[in-house]
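Student: Quick one: the structure is below, questions incoming.
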Amino acid sequence: MNSTSNSSLGNTFISKTLKEKSLTVQVLVGILLYVNGLMIFTFLKKETFRDTRYILFAQTLFVDSALMLFADLTLVGSAYELFIHIISCYIFCTVMALLSICSPVTLVAMCLERYVAICLPLRHASISSPKNTINGLLIIWGVSSVIPLFIFIVSFTYTPPNAMNSYVVCSNDVMFQVKWLAEMRALSQQLLFVIMLCIVGSTYIKIMVAAKSASAENKKSTYKGLRTVILHGLQLILGMMQLITPYIDILTLKVDIMLFINVKFSNFMLFWIFPRCLSPLVYGLRDKKFYNALKYYAFCGIYVCKKHKIKDSKTIRGAVSIAIY
């Protein structure tokens, strides 16, 4: 009887801890979604941001925002034990997997764009043409969808007929009932990460060589591009570190349930949320043209409201004076 009571109290405490931590995450996710949304709005409002560099940045903002939202919904669903249909969970996890690959692949494309702009300035306009930009976006989404779609097809095929109408608490683990599928995903993602890291590394080296041989007036912009590539590399490493978090979760779960919860939330903040904070830093704050436009639209609403209030107060005073007259 006492053991049952203690177990019930322990489960209640764990459930309460999960909900409290998930509420903390909501505040951070809400702030980041607002900032990213404001940046996307700024991009859409200004025609000057229609070149390849800013288009890729806007895609990064969209993908990161969508990924944060999907990951956050998964976190809330796990904390509050919300059940959904298993096929809906498969689709949900497939979209989230696609976004999680699309984000670093877009970062690699942004590094390549900086390489072309700095090392091949005479060919930058032709390579970064609108047609090539659209083709590049299609390639990014095509490459990003290969692994998730394969996993979805295999998971759907191996799901027993009696489980097709079941309801589950949605997480990535639901899709990996077949052991070899999880191993294949881990191997393919690690291979993709190595390829992307090699591309970013070679881009960095070539830009660094160009920076040393650049003239005095070009050195500043070249070194700025170099710092941008470094930040993208940091984003890539932090983002892809999520590949090892499942193994950390398994190890901590064997030690203590509370340690598992704390480590899981720390991993979520460090490898899911923090890398998505770097995109606004890289472009939103460091790029003067975008920063000025962002600042204008961030405070424009306040100024507009003040103007409307002044106009309304003048109208009311005028109406009162006419009535008295």
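The backbone N, Cα and C atoms fix where each Cβ goes, glycine too.
Straight out of Swiss-Prot:
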TOPO_DOM  1-22  topological domain 'Extracellular'
CARBOHYD  ASN2  N-linked glycosylation site
CARBOHYD  ASN6  N-linked glycosylation site
TRANSMEM  23-43  transmembrane segment
TOPO_DOM  44-54  topological domain 'Cytoplasmic'
TRANSMEM  55-75  transmembrane segment
TOPO_DOM  76-91  topological domain 'Extracellular'
DISULFID  CYS89-CYS170  disulfide bond
TRANSMEM  92-112  transmembrane segment
TOPO_DOM  113-135  topological domain 'Cytoplasmic'
TRANSMEM  136-156  transmembrane segment
TOPO_DOM  157-190  topological domain 'Extracellular'
TRANSMEM  191-211  transmembrane segment
TOPO_DOM  212-227  topological domain 'Cytoplasmic'
TRANSMEM  228-248  transmembrane segment
TOPO_DOM  249-267  topological domain 'Extracellular'
TRANSMEM  268-285  transmembrane segment
TOPO_DOM  286-325  topological domain 'Cytoplasmic'
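Each of the listed features needs to be described in terms of its position in the shown structure.
Tutor: Across the topological domain 'Cytoplasmic' (44-54), the prediction's mean pLDDT works out to 87.
Panel annotation: around the transmembrane segment (55-75), residues 22, 25-26, 29, 32-33, 36-37, 39-40, 43, 49, 92, 95-96, 99-100, 102-103, 106-107, 109-110, 113, 133, 136-137, 140, 170-171, 268, 272-273, 275-276, 279-280, 283 of the same chain, lying at least six beyond its termini, place a Cβ under 8 Å from a Cβ of the stretch.
Cβ neighbours within 10 Å of CYS89 (disulfide bond), excluding its own Cβ and spanning all shown chains: 23.
Within its own chain, the transmembrane segment (92-112) is flanked in space by residues 53, 56-57, 59-60, 63-64, 66-67, 70-71, 73-74, 84, 136, 140-141, 143-145, 147-149, 151-152, 170-172, 174-175, 189, 192-193, 196, 199-200, 203-204, 229, 232-233, 235-236, 239-240, 242, which lie at least six positions past its ends and keep a Cβ under 8 Å from the stretch.
Packing against the topological domain 'Cytoplasmic' (113-135) from elsewhere in the chain are residues 51-53, 55-56, 203, 206-207, 210-211, 221-222, 225, 228-229: each is 6 or more residues past its ends and has a CB under 8 Å from a CB in it.
When DSSP labels each residue, the topological domain 'Extracellular' (157-190) comes out as 21 helix, 3 strand, 10 coil, counted as helix, strand and coil in that order.
Long-range contacts of the transmembrane segment (191-211) within its own chain (CB-CB distance under 8 A, at least 6 residues past either end) are made by residues 101, 104-105, 107-108, 111-112, 114-115, 118-119, 147, 219, 222-223, 225-226, 229-230, 232-233, 236-237, 240, 243.
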Student: Which residues, sitting 6 or more apart from CYS170 (disulfide bond) on the same chain, put a CB under 8 Å from its CB?
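Tutor: THR74, GLY77, SER78, LEU82, ILE84, SER88, CYS89, PHE92, CYS93 - these are the non-local Cβ neighbours of CYS170 (disulfide bond), listed in sequence order.
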Student: Six or more residues beyond either end and a Cβ under 8 Å away: which residues meet both conditions relative to the topological domain 'Cytoplasmic' (44-54)?
Tutor: 110, 113-114, 117, 128, 132-133, 136, 283, 289-290, 293, 297
